[in-house]
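Asker: Following this message is one structure expressed as structure tokens.
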């Protein structure tokens with residue numbers, strides 16, 4: 001009988017039962033904790049989907065050179081263009097003139113949050129806001145954008161219109177502002193007595209002409225919250241402004 005003790009197989013030695021080599025204790029710890037395995041960059045971390053494992057990930061979340069270095073190592077392709085957080089172009093940025101010509105700066109990556117800034121004539125700022133903020137509220141409510149009006153940095157004859165939201169919201173709101181300015185200028189060019197907001201029906205002292213239809217009907221747009229003419233509107237903004245036909 002062989003009385004010699006059989007020694008325990010050393011870690012890393014051949015395992016006759018398993019048909020291979022056992023993993024050493026250090027290797028097992030590295031596998032279970034992730035230590036020693038962070039030798040390659042995490043492609044998920046550097047993608048648009050992101051890595052769901054956080055600090056428990058077995059791959060690198062920090063690589064010198066960032067995305068460009070990782071893309072060269074893993075052939076991930078060119079980096080995703082970043083959306084500009086300030087859509088103001090060179091000089092004054094975009095500008096709406098008195099004729100309603102646009103525009104805000106370059107836009108891309110729809111769905112991303114951004115800020116657009118463009119200039120308008122200061123005389124148009126009040127009409128863009130509307131009586132009691134009705135016009136600006138309508139734009140914000142319809143597009144979801146946040147609209148504010150600020151003083152221009154250099155020209156006191158201009159005001160800055162600032163739009164905050166997604167690029168799609170900003171694009172829609174910009175179109176609404178452009179349309180509003182166009183209608184305001186069109187109404188201002190109408191001769192006395194012609195159409196909404198042109199001053200027709202008003203006498204030289206700012207009173208309605210006898211027999212005019214000024215403020216004899218309720219403004220449907222005001223009832224819906226989207227009248228852009230304010231005090232210049234020919235229709236009554238509520239029962240208090242309503243007058244009988246032909247009565248001064």
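Cβ coordinates are placed from backbone N, Cα and C, and glycine is handled just like the others.
What Swiss-Prot records for this protein is below:
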type	residues	note
COMPBIAS	90-103	compositional bias 'Gly residues'
COMPBIAS	192-204	compositional bias 'Gly residues'
DOMAIN	113-177	domain 'KH'
REGION	1-37	region 'Disordered'
REGION	87-110	region 'Disordered'
REGION	188-209	region 'Disordered'
ZN_FING	36-64	zinc finger
ZN_FING	213-240	zinc finger
Asker: By DSSP, what is the split of the zinc finger (213-240) into helix, strand and coil residues?
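Answerer: Looking at the zinc finger (213-240) with DSSP, the answer is 10 helix, 2 strand, 16 coil.
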Asker: Count up the helix, strand and coil residues in the domain 'KH' (113-177) according to DSSP, in that order.
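Answerer: Reading the DSSP string over the domain 'KH' (113-177) gives 32 helix, 24 strand, 9 coil.
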